[in-house]
Amino acid sequence: MYKFIKYISIYIKKLFFLNISFFKKVISIFQVDNILFLKKSSQELLKLSRVTLPKKFFVLINSEVLNRGKLCVRKGDLVLRGQTLTLGCGNIVSIHSPTSGRIIDVINNYIFFLDQFFAVVIVESDGRDLWISRTPICNYTQFSSKKLINLIYHSGILGLSGSGFSTSKKLQCAVGKVHTLVVNAVESEPCVTSDDCLIQNFSKEIIDGCKILIWILKIKKILIVVSEEKIIAFNVLKKSVINLKDFELLKVKNKYPSGSSKKLIQILFNKEIPQGKHAIDLGIIMYNVATVFAIKKAILDGEPLTERVITLYGDKFLPSKNVLVRIGTPISHLMKIYKLNEKTLKVNIGGPITGLLIRNFNFSVLKTNNCIMFVSIQNNELNNFEEKNCIRCAACSYSCPMNLLPEQLYWYSKHSNHEKTQIYNIQDCIECGICEQVCPSDIPLMSYYRREKKQISIAKFKNYQIKKFKNLFLLRKQRLNNLNSRKKNTIVSQYIALNKFNFKV
């Protein structure tokens, strides 16, 4: 039955978008109960609850930070909430302790589905949840943009919509170059309502975060974009910006993947970001609404990023919930709170389309996680298919909202042909997952693309290092040659002077 729906979805998707609302109607006709494309409660008042603290936190840290000696704690150290565990390193932001307690251990671990090594700092909670001394900034207009950006950097804030790019780095590149700020509150992926809940509960704080960004970037136009289905969130924001001239509130259709930054810019401004360029080159900067909220907390409250709002969804056995959870909370703790059986469930980190399936329940909540789905093992049809050979049906090409050729990218990514994948613009892939959903051969296309992107970035970094050290070597060689030539000239001049003296004598 699901196979038949997959073929129907090819015709549902036309050129640019996958119409989720129509797709859900098709699913309801065929009565597929265990499909993951589920209805959002976008017209309901979303409540926000706080998750109780676990006994142990598992805070994941990029292994590059350890290699550069940026770790600030050792085994046995006592820490407070908000205390720096690791210093920032290039585009990698600082990591802070999610609670007060003691460092039990620091271990290296390979995260299989992320295909990367991480250091895990294990923090044992003392139950008191004591903060470090915080220094809120009430009048941020007395500070320069550079100082505020530096504070955001040390507060550990990054893109909370999934990109994970350093917020401060993005701000540094944008100062003096952009004229419009876009606050992205479009959650087009089914089941994910964390941003919707954040707006309904913290609209004033979000507006304050926008004002901070206006001061840093020195811009006069700000667009807050909301999906047309989020009626309550739109009305709440409308009341908050009613007397603010620089703010404009817009609605967009709930068509996946309209929440993607590249696609949203195309919808709002009818512009496409050129190959190898960024939105900043068009005079536009975009931030997720959760990132804006985190900026407000960092500047006005003096709180680094130690928690975030995520959506928990488990279909029949767990109604949709939005919870405020600490970074580093193990998923096993969430399952224990809501009495979910680990033996009968799988965990999907992220939404139903772009999420990653994991099997280790000790995996912890990351800063970039906005949704955790609990999927029944018996009814999980989406992950029970085996990968088969590509039949070149071109369903993925018809479905791609970025007008790429996923079929060609698949072949070249599979054989690690980096030159060809770059020619076919793999960097423009927004990883929406539509091509994977419509593929009749059940090929995990996103896995191939993510791995290829990572290999390309590693290769580029290696080439950069080679060129850098080659230039340093050439400069050193030039300095030595200059030094030798100066020595020779000195010896020759001394010899000539000595001969002249002897001749006079």
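Every residue, even glycine, has its Cβ placed from backbone N, Cα and C.
Database features (Swiss-Prot):
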- Cys390, Cys393, Cys396, Cys439: [4Fe-4S] cluster 1 binding site (BINDING)
- Cys400, Cys429, Cys432, Cys435: [4Fe-4S] cluster 2 binding site (BINDING)
- 381-410: domain '4Fe-4S ferredoxin-type 1' (DOMAIN)
- 420-449: domain '4Fe-4S ferredoxin-type 2' (DOMAIN)
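Shown here: features listed in Swiss-Prot, placed on the structure.
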residue: Cys390; record: [4Fe-4S] cluster 1 binding site; DSSP (3 states): coil
residue: Cys396; record: [4Fe-4S] cluster 1 binding site; DSSP (3 states): helix
residue: Cys429; record: [4Fe-4S] cluster 2 binding site; DSSP (3 states): coil
residue: Cys435; record: [4Fe-4S] cluster 2 binding site; DSSP (3 states): helix
Non-site residues, in chain order, whose CB comes within 8 A of the mean position of the CB atoms of Cys400, Cys429, Cys432, Cys435 at [4Fe-4S] cluster 2: Cys396, Ser399, Pro401, Met402, Leu404, Pro406, Ile430, Glu431, Gly433, Ile434, Leu445, Tyr449
Integer Å distance between the CA atoms belonging to Cys439 ([4Fe-4S] cluster 1 binding site) and Cys400 ([4Fe-4S] cluster 2 binding site): 12
Sequence-remote partners of the domain '4Fe-4S ferredoxin-type 2' (420-449) [C-beta within less than 8 Å, at least six residues beyond its ends]: 3, 6-7, 9-10, 13, 18, 256-257, 260-263, 275-276, 353-354, 385-391, 393, 395-396, 399-402, 404-406, 408-410, 412-414, 456
Neighbouring C-beta atoms (10 Å sphere around the C-beta of Cys400 ([4Fe-4S] cluster 2 binding site)): 23
Rounded inter-Cα distance in Å - Cys429 ([4Fe-4S] cluster 2 binding site), Cys396 ([4Fe-4S] cluster 1 binding site): 12
Cβ packing number for Cys429 ([4Fe-4S] cluster 2 binding site), 10 Å threshold: 22
Local confidence of the domain '4Fe-4S ferredoxin-type 1' (381-410) - pLDDT mean: 84
Integer Å distance between the CA atoms belonging to Cys432 ([4Fe-4S] cluster 2 binding site) and Cys393 ([4Fe-4S] cluster 1 binding site): 20
Rounded to the nearest Å - Cα separation of Cys396 ([4Fe-4S] cluster 1 binding site) and Cys432 ([4Fe-4S] cluster 2 binding site): 12
